[in-house]
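Before any comments, here is the structure.
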Amino acid sequence: VDGGIEVTASHNPMDYNGMKLVREGARPISGDTGLRDVQRLAEAGDFPPVNEAARGSYRQISLRDAYIDHLLGYISVNNLTPLKLVVNSGNGAAGPVIDAIEARLEALGAPVEFIKIHNTPDGTFPNGIPNPLLPECRDDTRKAVIEHGADMGIAFDGDFDRCFLFDEKGQFIEGYYIVGLLAEAFLEKHPGAKIIHDPRLTWNTEAVVTAAGGTPVMSKTGHAFIKERMRTEDAIYGGEMSAHHYFRDFAYCDSGMIPWLLVAE
């Protein structure tokens with residue numbers, strides 16, 4: 001298609017809203033790649049006349065099954081060992097996707113138990129703003145991991161473009177360690193690949209990528225910069241310490257679902 005719009009305020013409070021815009025190939029539209037042009041058009045009101053004969057149409061489609069297929073394509077389900085996972089969707093958009101993944105894994109016989117909290121989407125966020133980057137937003141996940149004796153905790157922000165992981169003791173794992181872990185996972189399957197990382201807290205990532213036979217490549221912080229550098233370098237994976245993880249085979253976009261699946265595997 002020619003472009004896409006996602007209505008999202010990400011991890012902001014409930015009275016916020018916004019749009020994430022992409023052009024063909026899921027390339028981000030930012031200030032330097034078209035957004036300021038849109039602003040100038042809007043401010044000038046300089047729009048071409050509407051051609052009634054050229055009006056388009058719309059249809060509603062569900063891509064959830066194809067999306068789940070793609071997500072599970074990153075792992076071998078047969079490699080999954082018995083796991084108990086606490087999943088905190090934060091009353092955001094992740095809940096229905098987690099339900100679909102749970103059903104698919106159950107149908108495939110995967111020995112994974114899901115303990116779901118705050119799973120129902122609710123834009124009033126009755127259990128707090130879904131932003132696990134803030135320490136005060138981690139308690140529910142931490143307590144659930146300890147209470148249920150889980151192997152891992154997973155918490156999402158509102159639009160689940162990020163996931164945050166907790167170990168079996170309920171301790172929060174900083175995003176830059178996950179960058180190194182995911183880099184190792186990809187380099188096992190793609191030896192010598194390039195891995196993009198941001199300039200914050202780089203030593204762990206650089207050391208891990210180099211030791212695994214890959215090439216670490218630094219990029220400016222920010223999703224537009226990371227995505228463009230990944231395309232330029234043909235990198236298999238890119239990660240930021242803020243828990244944004246980008247994947248070449250996911251149209252160079254970030255995903256909050258792929259990381260925890262790889263870690264679970």
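Numbers here mean position along the shown chain, with the first residue as 1.
Note: Cβ is positioned from N, Cα and C throughout, glycine not excepted.
TrEMBL entries are annotated by machine, without manual review.
Residues or ranges marked as domain 'Alpha-D-phosphohexomutase alpha/beta/alpha' by TrEMBL: 2-33 (among others). For the domain 'Alpha-D-phosphohexomutase alpha/beta/alpha' (2-33), the model gives a mean pLDDT of 88.
For 65-170 (among others), the entry in TrEMBL reads domain 'Alpha-D-phosphohexomutase alpha/beta/alpha'.
The feature domain 'Alpha-D-phosphohexomutase alpha/beta/alpha' is assigned by TrEMBL to 175-265 (among others).
Counting residues of the domain 'Alpha-D-phosphohexomutase alpha/beta/alpha' (2-33) by DSSP class, helix then strand then coil, yields 6 helix, 11 strand, 15 coil. Note on the domain 'Alpha-D-phosphohexomutase alpha/beta/alpha' (2-33): residues 123-125, 129-131, 133, 157-159, 161-162, 223-224, 227, 251-253 of its chain, located 6 or more positions outside it, place their CB under 8 angstroms from a CB of the stretch.
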